[in-house]
Every structure is written in C-alpha cells, then in structure tokens.
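Engineer: I have a structure I would like to understand better, so I am pasting it below and will then ask my questions one at a time.
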Amino acid sequence: MRIATWNVNSVVARLPRLLDWLGTAEPDILCLQELKTSADGFPTDELADLGYEAAVHGTGRWNGVAVLSRVGIADVRRGLVDEPGFQPEDALLEAHEPRAVGASCGGVRVWSVYVPNGREVGHPHYDYKLRWLQALRATVQVELAAAPFAVLGDFNIAPTDADVWDPAAFATSTHVTPPERQALAELRALGLVDVVPRAMKHDTPYTYWDYRAGAFHKNMGMRIDLVYASTGLADSVRDAYVDRDARKGTGPSDHAPVVVDVDLSPAG
DNA sequence: ATGTCATGGACGCCATGA
C-alpha cells in the first residue's frame, strides 16, 4: 500500500498537477493540505474519475485538508478533540479553522493535518500553534487505539537542525523552537515514529522550498511535511521518499509530496 | 535573505497569509 501527503497550496490551482501526479505515483491514500477552498469547490468529480473518494474539511479561502483514498473511506472525523480556535486581534469570536481530518482507509486510520504556521515567536498565532498541537496530541491519544495509524501533513516544524537548510538563518524564527520540537516529541512519546524519507538529491529529504529567491534550485529547504506512524505501521514501511520532481516545472506547489510504501500483509 | 504565489474584494490593484 502506498500512503502519501502533499501540501498542494490550493487544490483548485494545483488540479492539473494533482491529477497528473495521481496518475503516475498512484498512491492508495493521499493526505492533502492547504486546499484553499470549501467542500463545495473541491474537485470531487475529477478525482472520482481516477478512482478516488475524498473526505474533505474546508471552509474557504484559507487552510483546508482532505484524505483521498482508492481503498475505501469510512469513519470520517473533522476537527480535533478540544480544538482551539484562532482569534485575530480585530475579531470578537475565535474561529475554528479546517486543519485536521481523519478517516479509515483500507485498514489504516489516517489523519491529514495542517498545523498553524505560528508567524513569529511571541505572536498570538504562535501560542495558537502550541495550543493546537496539544489538541492534536489529545486526539492522537484517542485515535491511536485504531492501529495501524498515522498522522501525516504539514507540521510547520523542522524536527532537528538537520531539517533546515541553514539553522543560523532560523535563530529567531518559528518552526525550530524548543516548544515546537517538544510538541513533536510528545506526539512520538504516545507511540509514533517519524518516518524519515530517504534523501534524493543533496543528501537532504527536504519537503518545502520558498517560491522566492530561487530557493528550490539552491536547496534552501526544510523538512516540515512529516509522517508520524504507529510503531506497527512504521515496522511495515518498505520505502519512503520525497517526490522532488513534483516541485519542478510549471506551476508547482511550494511543497513536494512525501511517499511511503508499506507492506501490510501478515508475512510482510 | 526575501527575487513568489494564491485568494478574494472592489477592479484592473491591494490586502492577507504563507
């Protein structure tokens, strides 16, 4: 079985690239992030033509996550346990954002997550990020009972200094701070394993490169798209890689897909 | 480090978020 995750930076703008990629990579399960559209705008029919069903959690212009599956989809759950919202400075009410959706596909329980960016250390969004990660932990704690299990997506955290192109450039940034990394450690402590993809080029398994300043060609990247698998599922992993080709060419997302092949057969 | 995108609202540009 092939399981993948991809922040597509608008599923509508990326539809030609997404359909092309599905046709060649042929994942059984694909977790999508940054749909940037509501469920109404989601390209359900085009994906169904390729044999994929979808569990969608989207509300409009920002965020949005989905699980695609060609091995069945059931028990869809939208949102986290005790999920926090984000309250912009000028808003009266905090708004819940579509950043997490879970589904059972072909005997595997998967969650597609888009962790808040955090913007700047000390910004209200950074505090929201840490609170959101605590809710993710509470959700995983419950959902992990349905193993094999994995939570995949854009975590907006580089787990180690080796996962950023220049640690010095991130000295005062989000994505690398001890509280963010501690939140990842607490997820792993529940019984999850960071499935690190093999390096393809430059000996780095980065998954994200800024659109600006030729970052991709200079390999100024980060590994922030992660696959956190239950121990049993991690044991069944036969290969894991970043599909850098999906970051090349015309009209790419700024993220590349992470692809994981697992062998779930009893003898596997 | 900041040379790019994508979206949506009031328009052939700006604000927002990443």
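The backbone N, Cα and C atoms fix where each Cβ goes, glycine too.
Curation plays no part in TrEMBL annotations; they are all automatic predictions.
Sharing the record's features from TrEMBL:
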- A:TYR114: active site (ACT_SITE)
- A:ASP154: active site, proton donor/acceptor (ACT_SITE)
- A:HIS255: active site, proton acceptor (ACT_SITE)
- A:ASN7, A:GLU34, A:ASP154, A:ASN156, A:ASP254, A:HIS255: Mg(2+) binding site (BINDING)
- A:ASN156: site 'Transition state stabilizer' (SITE)
- A:ASP225: site 'Important for catalytic activity' (SITE)
- A:HIS255: site 'Interaction with DNA substrate' (SITE)
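Mind running through what each feature is packed against?
Structural biologist: There are 26 other CB atoms within 10 A of the CB of A:TYR114 (active site), with all protein chains counted.
When secondary structure is read from DSSP and collapsed to three states, A:ASP154 (active site, proton donor/acceptor) falls in the strand class. A:ASP154 (active site, proton donor/acceptor) has a Cβ environment of 26 other Cβ atoms inside 10 Å.
The secondary structure of A:HIS255 (active site, proton acceptor), as reduced to three states from DSSP, is extended strand.
The 10 Å shell around the Cβ of A:ASN156 (Mg(2+) binding site) contains 22 further Cβ atoms across the protein chains shown.
Packing around A:ASP225 (site 'Important for catalytic activity') is summarised by its Cβ count: 26 other Cβ atoms lie within 10 angstroms of its Cβ, all protein chains included.
Note on A:HIS255 (active site, proton acceptor): other Cβ atoms within 10 Å of its Cβ, all shown chains, come to 25.
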Engineer: So of A:GLU34, A:ASP254, which of the binding-site residues has the fewest other Cβ atoms within 10 Å around its own Cβ?
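Structural biologist: Minimum Cβ neighbour count within 10 Å, taken over the binding-site residues A:GLU34, A:ASP254, occurs at A:ASP254.
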Engineer: For a quick check of packing: other C-beta atoms within 10 Å of the C-beta of A:ASN7 (Mg(2+) binding site), how many?
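Structural biologist: Result for A:ASN7 (Mg(2+) binding site): 26 other Cβ atoms within 10 Å.
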Engineer: I need the CA-to-CA distance for A:TYR114 (active site) versus A:ASP154 (active site, proton donor/acceptor), whole Å please.
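Structural biologist: Approximately 5 Å lies between the Cα of A:TYR114 (active site) and that of A:ASP154 (active site, proton donor/acceptor).
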Engineer: Near A:ASP225 (site 'Important for catalytic activity'), which of the recorded positions A:ASP154, A:ASP254, A:HIS255 can be found within 10 Å, Cα to Cα?
Structural biologist: A:ASP154, A:HIS255
Engineer: Could you tell me the C-alpha distance between A:ASP154 (active site, proton donor/acceptor) and A:GLU34 (Mg(2+) binding site) in angstrom, no decimals?
Structural biologist: 9
